[in-house]
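Student: Attaching a single structure in structure tokens format; questions to follow.
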Amino acid sequence: MSSAPNGRKKRPSRSTRSSIFQISKPPLQSGDWERRGSGSESAHKTQRALDDCKMLVQEFNTQVALYRELVISIGDVSVSCPSLRAEMHKTRTKGCEMARQAHQKLAAISGPEDGEIHPEICRLYIQLQCCLEMYTTEMLKSICLLGSLQFHRKGKEASGGAKNLDSKIEENAETPALEDSLSSPLESQQQCWQVATDIENTERDMREMKNLLSKLRETMPLPLKNQDDSSLLNLTPYPMVRRRKRRFFGLCCLVSS
């Protein structure tokens, strides 16, 4: 290496230094790309699961509203009781299945109980809880109505007595749908047995939905457990703060036209 006139050694040029001390970034390994891809894929899966859960809760809300309309129709003289009870059983069974699926999906995407939670998940928890509470209430109403009409029928059969045709026609016109005119005592006994079976099935489904409601409350995230009823539906992003209650915060169990 040549020396400068003043005795100092000549430093390498800038280009030489850059070539000597050049530091290149190592290429991304396959694992880095996989981690980046898996992060976006995980977020996409979470959003898709959230959308599926939201749709399930909305469908369950509709089923509860339909079941409520059927319960109101019990005893209506314009409705055939056997067909009404069959439709109630179909709607109730479908609603119970939707409630179970919604609870499973919601529990899967909620994450740790004491961790950060998306406000949309909080709303789904509250909506599902409200629907389940209304669902069990309507089941109890149907049990009471069917039981009272069944008791009314048995009381009239026990009283007995011959009736003329005119009085029977007048009675049938004022009788609730559960008391359809029967041609024989055997059919009457079969009808009573079917109603009793429907009541037992409804009681079983009601117990199952109450247990599901208890599980939902147990697995509910801590931010929701710490909120009072007045602020449950006025949720803000985590951490939650209390807000003024809005006038219209949403409706539960309405059939959309």
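Cβ from N, Cα, C; glycine included.
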Student: In Swiss-Prot, which of 110-115, 242-247 is labelled motif 'Nuclear localization signal'?
Tutor: 242-247
Student: Kindly state the mean pLDDT of the motif 'Nuclear localization signal' (242-247) in the predicted structure.
Tutor: 42
